[in-house]
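The structure appears below as C-alpha cells.
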Amino acid sequence: MGQYITTHEFYHVYTDEPHATRRKEILKKYPEIKQLMGHDWRMSIQVAISVCIQILVAILLRNSSWWTLFLCAYVIGGTINHTLSLALHELTHNLAFGHSRPMSNRLLGFFANLPLGVPASITLKKYHLDHHRFQGDLVYDTDIPTRLEVFLFSSRIGKLIFLIIMPFLYSFRPMFVFPKAIHVLEIVNLILAFTFDGLMFYFFGGKTLTYFPLSTILGLSLHPISGHFIAEHYVFKEGYETYSYYGPLNAITYNVGYHNEHHDFPYIPGRNLPKIRKIAPEYYDNLPCYTSWTKVLYDFVMNDNVGPWARVTRPTKVGHVEVPTQQEYEQQMKTVVKQASKRG
C-alpha cells in the first residue's frame, strides 16, 4: 500500500490543447450549436435554495454533538457546499446573467460564497480562466500539481492524503505557482464572507460557525462529488487529457461532468452541455469517459500508473502570450456570443 511509483514524470507534449480545434470543427459542421450559447439565470434559484438550506442546517446544529455536526457537515453540508463551489465555477464564465452583466454574476457569486466559510469567488475567477486559455501550461495552468506534490504524494497512501487535503492544495497552489495582484473585489469578497461568519458566530455560536468551513473541507476532499477534480484532467488513458462524466451527480452539479463539452464551449451554460453531445455525438461518444466519480477516486489511489504526475503539460508561453485581463476576457466573450447569435 505504501510503495512508490517509479515514473513521476508528467505527460509532456508540444501540441496545442485540443479543445479550440475541436470547437472550430464542430461549429463548422453544426452551426446550430451557437444557439446554445448565452446564460441561464435559473441557476440562481438553485444557488438561493442551497444557501438557505445551509444556513438553516447550521442553525439547527448549534446545540448538537460534535459527532452529529461532523456527520451532517459531510453528508449534507459537504454535498451542498461542493455544489456551491461549482456554482462559482459557472459564474467565473458569467453563465448566470451573461457577459453583459458581469456585476450581477459577481453579486450572485458573493451570495453563493457565504456558506463556504472562506472567500473564494473572485480568486477562483482570477485563476480559472487561465486554465481554459492555457490548458496544461506549466505556469499559467495552476490546476496542475507542482513537482513537490508529485514527490510527496506518489505512493498509494500519499495519493489518499492528496485527496484528503485537496481543498488546501487547490486554494494555496495558485498563490505559489503564479501569484497575482489582489483585486479590489477579492477584498470585498473577504469582508462579506468574514462578516457573515462573524454574524453566525455572534447569534448562534461556535458550532454553527464551524459547520460552514467544515462542510467545505469535507465536501471538497474525500467526497463522491470530489471525483470530478480527478476525473476532469488526470490521464487514465494515454493520449487523452480531458474526460467527461455521464452520471447522476450531474443533476446537482450544473453538469460539470460534461467536461469535454465544457472546455470545447466554455460560454455555454451547464444545462445546455448535454445538448452538445446529442447534436455532435461522433465527437464525444468515442472519447473515454466515466459513470462513477467514486470509482475514479478509488482507481486514482489504487492504480499505480496514475497519480499527481498523470497530467498533460506544455511548455510555458510566458513572454510570448499576452494574458488578457478579466475585463478584456469578458468583453471578448460578450462579442463572441453576440456574433454567434447573429450568425445563428
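Keep in mind that glycine also has a Cβ here, set from the backbone N, Cα and C atoms.
Features as listed in TrEMBL:
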DOMAIN    5-43  domain 'Sphingolipid delta4-desaturase N-terminal'
TRANSMEM  43-61  transmembrane segment
TRANSMEM  67-87  transmembrane segment
TRANSMEM  107-124  transmembrane segment
TRANSMEM  150-172  transmembrane segment
TRANSMEM  184-205  transmembrane segment
Average pLDDT across the domain 'Sphingolipid delta4-desaturase N-terminal' (5-43), rounded to a whole number: 91
For the transmembrane segment (184-205), distant same-chain residues with Cβ under 8 A (at least six beyond the ends): 55, 58-59, 62, 106, 109-110, 113-114, 116-123, 126, 212
